[in-house]
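Student: What Swiss-Prot records for this protein is below:
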TRANSMEM  25-45  transmembrane segment
TRANSMEM  73-93  transmembrane segment
TRANSMEM  97-117  transmembrane segment
TRANSMEM  134-154  transmembrane segment
TRANSMEM  168-188  transmembrane segment
TRANSMEM  200-220  transmembrane segment
TRANSMEM  237-257  transmembrane segment
TRANSMEM  264-284  transmembrane segment
TRANSMEM  289-309  transmembrane segment
TRANSMEM  338-358  transmembrane segment
Amino acid sequence: MLLWLFQQLGEDIRAFNVFNYLTLRAVLAALTALTISFIVGPAVIRKLTALKIGQSVRSDGPQTHLVKAGTPTMGGALILVSVAVTTLLWADLSNDYVWLALMTLLGFGVIGWVDDWRKVVEKNSRGLASRWKYFWQSAIGLVVAVYLWQTASLPAHTELIIPFLKQATFGLSAAAFIALTYFVIVGASNAVNLTDGLDGLAILPTVMVASALAIFAYVAGNAVFSKYLGVPFVPGAGELAIFCAAMAGAGLAFLWFNAYPAEVFMGDVGALALGAALGVVAVVVRQEIILFIMCGVFVMETLSVMIQVASFKLTGKRVFRMAPIHHHYELKGWKENQVVVRFWIISMMLVLIGLSSLKLR
């Protein structure tokens, strides 16, 4: 929106042409989303509190969590609005990837909103039935996957890239590409959601990964940089740097309110949406394996749940004291802040490893 305006003004006043630079718009997007969330955040929290949209806490979890009952939830809607408004302001709205990312974010956000609302109304932690949640997630994930396959203009846009190895790629069939895309988007969505169980635990790693993906998107959309760094050139993918920067800015502002002790929780409306958004960006820029590495904390949390469920069903015994694994460490005696900060450190290390793949080939 603003890009179009500045382009029109730039025909007469050359100074406005500076807004054609993707890097400047990415920085402005991050600052815009940050500002919107900071300004609107307190009002949103007050409204959620007034409407008694509070979090239900599991009675079988760590006893220290019982004091969190009633804390406003569904605060992730603030992030989604900030990201959507900012992207519409600063991104090139003629870019299909921008709309794909936005629709994925908002689509998964709607699923999360329904899930959160059911929890509030029924005053329990179950929410939307799992079968319906996965049905709608799958529907959106498959639509995105088929769209990306149908619109791929170059073979490189559907190849699996092996990081840290020079020119190590595998061509994917339609079925393999669609399946991979589906699992990346739906898997990332649920992985972030499972991680969002402690104050600030999920949002800062999300900010870190989004920031890194902004760099990958910028490189992938630049013919010169992509060739130099050995990254698949995806025309138009650079605009996703605006979207990722908006996620990073909005997420950082949300952390202000979500840091321990949290004034508001993100809820499924935020966690499901942000995870799916990370997934779709990674697929577009062909960095699925790098996403897996950078989202190592999310992966660890998900695997802990899968292992716990499988072990209990097969042997009747639990591997962890409680899953997801952040609760296991709480029950071992770690303070909530210790778990959160240590997981943040792990995320930072993994994101740096992911970024190093740009040069280590």
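Note that Cβ sites are derived from N, Cα and C of the backbone, with glycine treated the same way.
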Student: Which residues of the chain, 6 or more past the ends of the transmembrane segment (73-93), have a CB below 8 A from one of its CBs?
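Tutor: Residues packing against the transmembrane segment (73-93) from afar: 1-4, 25-26, 28-29, 32-33, 36-37, 40-41, 44-45, 48, 53-55, 99, 101-102, 105-106, 109, 112-113, 116-117, 119-120, 239, 242-243, 246-247, 249-251, 253-254, 257-258, 264-271, 273-274, 277.
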Student: Count the CB pairs under 8 A between the transmembrane segment (264-284) and each of 97-117, 168-188, 237-257, 338-358, then give me the winner.
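Tutor: Comparing 97-117, 168-188, 237-257, 338-358: 97-117 has the most Cβ pairs near the transmembrane segment (264-284).
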Student: Can you tell me which recorded stretch out of 97-117, 237-257, 338-358 has the most Cβ pairs within less than 8 Å of the transmembrane segment (200-220)?
Tutor: 237-257
Student: Which stretch from 97-117, 134-154, 237-257, 289-309, 338-358 shares the most C-beta pairs under 8 Å with the transmembrane segment (25-45)?
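Tutor: The listed stretch sharing the most Cβ pairs with the transmembrane segment (25-45) is 237-257.
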Student: Please report, as numbers and ranges, the same-chain residues at least 6 past the borders of the transmembrane segment (97-117) whose CB is under 8 Å from any CB of it.
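Tutor: Hits for the transmembrane segment (97-117): 53, 73-74, 76-77, 80, 83-84, 87-88, 91, 127-128, 133, 136-137, 140, 144, 147-148, 185, 189, 193, 236-237, 239-240, 242-243, 267-277, 280-281, 284.
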Student: If you count every Cβ pair below 8 Å, which range out of 134-154, 168-188, 338-358 shares the most with the transmembrane segment (289-309)?
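Tutor: Answer is 338-358, with the largest number of Cβ pairs below 8 Å.
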